[in-house]
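These features come from TrEMBL:
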- E180: active site, proton acceptor (ACT_SITE)
- D44, S45, D83, K111: 3-methyl-2-oxobutanoate binding site (BINDING)
- D44, D83, E113: Mg(2+) binding site (BINDING)
Amino acid sequence: MAVTINTLRELKQKGEAFSALTSYDSTFAQVVSEAGVDVILIGDSLGMVLQGNDSTLPVTMEHMIYHTSCVAKGNKGSLIMADMPFMSYGTVADALDNAAELMRAGAHMVKLEGTDWMRDTIEALSERGVPVCAHLGLTPQFVNKFGGYKVQGRDDKAAEAMIEHACQLEAAGADIILLECVPAPLAARITQAVKAPVIGIGAGSDTDGQVLVLHDMLGVTPGRKPRFVKNFLADTASIPEAIAAYAKAVKERTFPAEEHTFKA
Ligand code: KIV
Ligand code: NA
């Protein structure tokens, strides 16, 4: 049966973890969905992973529509989430037009990076039938404001603000919250504070779901690996097996382990 936002809500209520992975093309979308991964994310990480840029900022709506349509054709029942690229939701009107394009291309929901300023945008999308995932913490589209890729929410003030923002965005209509690179205790508090399922990456093992970039978990990303990455191909014989091992490890909460987690 196809995964919907209701499936994820039910899993949260039952305390069962769910898995998500990025895919950018039809073949991998099919492998990922057939391996039992619940959510496929067409991440704007494709700007780095596929296009070789040093940030996600060069990604355009045209790129996202193209990759979303490729993924949609290979998908076998996972929930398809598409990233809205940098400045494609700078105004509510832009957000509506651009989200519509991604939904037409086959997305079931969209993901936006930001804090409380996104309330009106999320409300407008939600009211018009577009489920939204609100991405908080290390939001890579803000790399130039952050001055680098850094763990977020480390001091008390930032931590309290992040909890507040997650609650506000849920109240505005966000169906999923995604936390990237935040200390595990803060991610655990946010996961308890909202009814919406919370997906983590570098956010510890207490979130409702986990996500990784496909190339990272297959060990093919060049250069230094972030702390939260695990190569699942290293202990398996094939890519489908590696992806299935990831889905199983998330379900059993054996991934992420301590070594993948920011404690404070
Ligand atoms: O673009 C992406 O792949 C993402 C995940 C890292 C959450 O946003
Ligand atoms: Na992204």
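Just so you know, glycine gets a Cβ as well, placed from its N, Cα and C.
Computed from a predicted structure; not experimentally measured.
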Residues flanking the Mg(2+) site, with Cβ no more than 8 Å from the Cβ centroid of D44, D83, E113 and excluding those residues themselves:
G43, S45, T56, V59, M84, P85, F86, K111, L112, H135, T139, P140, Q141
Close-lying recorded positions around ligand 2 among D83, E113, E180, where CB distance stays under 6 Å:
D83
Recorded 3-methyl-2-oxobutanoate binding residues, D44, S45, D83, K111 - maximal Cα separation rounded to whole Å:
12
Long-range Cβ environment of E113 (Mg(2+) binding site), under 8 Å and at least 6 residues apart:
H135, L136, T139, P140, Q141, F142
Using Cβ-Cβ distances, find the residues under 8 Å from K111 (3-methyl-2-oxobutanoate binding site) that belong to the same chain and are at least 6 apart in sequence, listing them in sequence order.
L41, M81, A82, D83, M84, V132, C133, A134, H135, L178
What is the number of other Cβ atoms found within 10 Å of the Cβ of D44 (3-methyl-2-oxobutanoate binding site)?
28
